[in-house]
Amino acid sequence: MTQMDAILFIVGELAGAGLLALSEALSNTGVIGILLILMCASAAAYTGGLLGRTWIYLESQYADLSTGHVRQPYAEMGRRTYGSWMGRVILTLMNITLFGTSVVLLLVSAELIQQLAAGALDTCIWVLVLTMVLTPVTWLGSPQHLRAPAMFALVSVVAGAVLMVVQMVTFPPEERPHVPLSPPSLATFCLGLSTIMFSFTGVSTFPTIQLDMAERARFSRAAVGGFAGLCMVYVPVAATGYMVYGDTVNINLIQNFTPGPLLIVIQVLLTVHFLGAFVMLINPVCQNLEGALHVSGASGLTRQRVLLRSGLMLMALFMAETVPSFGKIMHLIGGTFTLMLTFILPSLLYIRLRGEYRGTSKHGYKRYLVKRFYLSSLCLLCVALSSVVVYYSVDEIVAPGTFQTPCYLRWWLGPGAGDVDGLNSTTTVTDGLNVTAPSDM
């Protein structure tokens, strides 16, 4: 894999639900949210580069890392740096993050298909249908050649982003009513920030991408290029959506669009992208569980593999039907696991190794102290942010007035049972603007 291949792979893999949700994040944070997107991208590119440098150093110290196949390089870095306990912590966090992100993609895909079907079935039903369709696909082993899927994911999401901007800028200004732009509160700001951080979930996969590169030492440049490309996809869509729809923007930006042929093309492109990304994200979780449970049949389809992966899909289905709002799951993951895997752990690993390899020169020691201060400050800031964001994210899920009834309880108790302030009603679109913000999703 060349450096350019790595850049394209990063953009194709990381660009996901954030494309739909960042406009709503700007509505929650205000115009400063654009700066927050750029700052988070810069920090993630930097810490992603730190992971690359950490791996290069470990390869120089441990010959088995440079000559043998490493299945979980991020977890291996933790094990070699802090001990086996850190390796287990990182692997657990990665599995939870990948699983939670997969659930988000499942919910987003179900909502897009529900819109394509003109509301013929409830989104909760589409989640069930998609789970049944995708489960046999997850029985297969991991793809041996990921370049083609990555390129397809990149093309589909970039094309979808361009068409989304076209859809918004061609919406006649005279048909837009006055769009309110309210100042953010602490709660909305924290939720918007968590969405922004979730949009850059995926740094934990960087070591795997680096191992496929012919020149691994150049991965730091690939990380910078990848996040620059990601911002070129995210920022125009997010900023345009915020300026056109203001506070009326839905967490699923597409729900604000005027129905028409262009909207159908956008929905198809993004649905295909999200479904493909779901399979690619859930597969490593399946493999990790198979390794932990010593499930045989790594090269073939076995009963154990079918049962384990089907069980994992049932767990994803249960989570999606329990919290039928991808935005709420995004907020929780973005404020916890993304912060840990993207910002805190890469900094801790690098500080530990840099302390052992800072050299004996006075200049080298000063550079180490400056970098340690910066990274330690970043870790403390992330811990403080996480504490506040988690509070508001959990409150959003369970608080009266925001609680959404799980799908299975609605089916059991009957239509409309447990609805709170209309939160489970259907979102309608008139002249490209939300008329009723509440929706099933």
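Using N, Cα and C of the backbone, Cβ positions are placed for all residues, glycine too.
Now, the feature entries from TrEMBL:
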type: DOMAIN; residues: 4-386; note: domain 'Amino acid transporter transmembrane'
type: TRANSMEM; residues: 31-51; note: transmembrane segment
type: TRANSMEM; residues: 89-110; note: transmembrane segment
type: TRANSMEM; residues: 116-140; note: transmembrane segment
type: TRANSMEM; residues: 152-171; note: transmembrane segment
type: TRANSMEM; residues: 186-209; note: transmembrane segment
type: TRANSMEM; residues: 221-244; note: transmembrane segment
type: TRANSMEM; residues: 264-285; note: transmembrane segment
type: TRANSMEM; residues: 306-323; note: transmembrane segment
type: TRANSMEM; residues: 329-351; note: transmembrane segment
type: TRANSMEM; residues: 372-394; note: transmembrane segment
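Below 8 A, the CB atoms of the transmembrane segment (186-209) and the transmembrane segment (116-140) form no more than two pairs separated by six or more positions in the chain, fewer than 3 in all. Residues 17, 21, 43-44, 47-48, 50-51, 53-54, 74, 77-78, 81-82, 90, 93-94, 96-97, 100-101, 103-104, 107, 190-191, 193-201, 203-204, 319, 323, 371-372, 375-376, 378-379, 382-383, 385-386, 389-390, 392-394, 396-397 of the same chain lie 6 or more positions beyond the ends of the transmembrane segment (329-351) yet place their CB under 8 Å from a CB of it.
Residues 16-17, 20, 72, 74-75, 77-78, 123-124, 126-127, 129-131, 134, 201, 204, 252, 270-271, 274-275, 277-278, 281-282, 284-285, 288-289, 312, 315-316, 319-320, 324-326, 329-330, 332-333, 337-338, 340-341, 345, 441 of the same chain, all 6+ positions outside the transmembrane segment (89-110), place their C-beta atoms under 8 angstroms from a C-beta of that stretch. Only sequence-distant pairs (6 or more apart) were considered; of these, fewer than three Cβ pairs between the transmembrane segment (116-140) and the transmembrane segment (221-244) are under 8 A, so the stretches are not in contact.
For the transmembrane segment (306-323), the residues of the chain that approach it from at least six positions outside its boundaries are 99-100, 102-103, 106-107, 110, 124, 127-128, 131, 134-135, 138-139, 282, 285-286, 289-290, 293, 295, 329, 397, 404, 406-408, judged by C-beta separation under 8 angstroms. A Cβ distance under 8 Å defines the sequence-distant neighbours of the transmembrane segment (264-285), meaning residues of its chain 6+ beyond its ends; these are 13, 16-17, 19-20, 94-95, 98-99, 101-102, 105-106, 108-109, 112-113, 115-116, 130, 134, 137-138, 142-143, 146, 149, 152-153, 156-157, 159-160, 163-164, 167, 254, 257, 312-313, 316.
Long-range contacts of the transmembrane segment (221-244) within its own chain (CB-CB distance under 8 A, at least 6 residues past either end) are made by residues 3-4, 6-11, 14-15, 18-19, 22-23, 25-27, 31, 33-34, 37-38, 41-42, 44-45, 48-49, 52, 157-158, 161, 164-165, 168-169, 171, 176, 179, 199-200, 206, 209-210, 213, 253, 256, 432.
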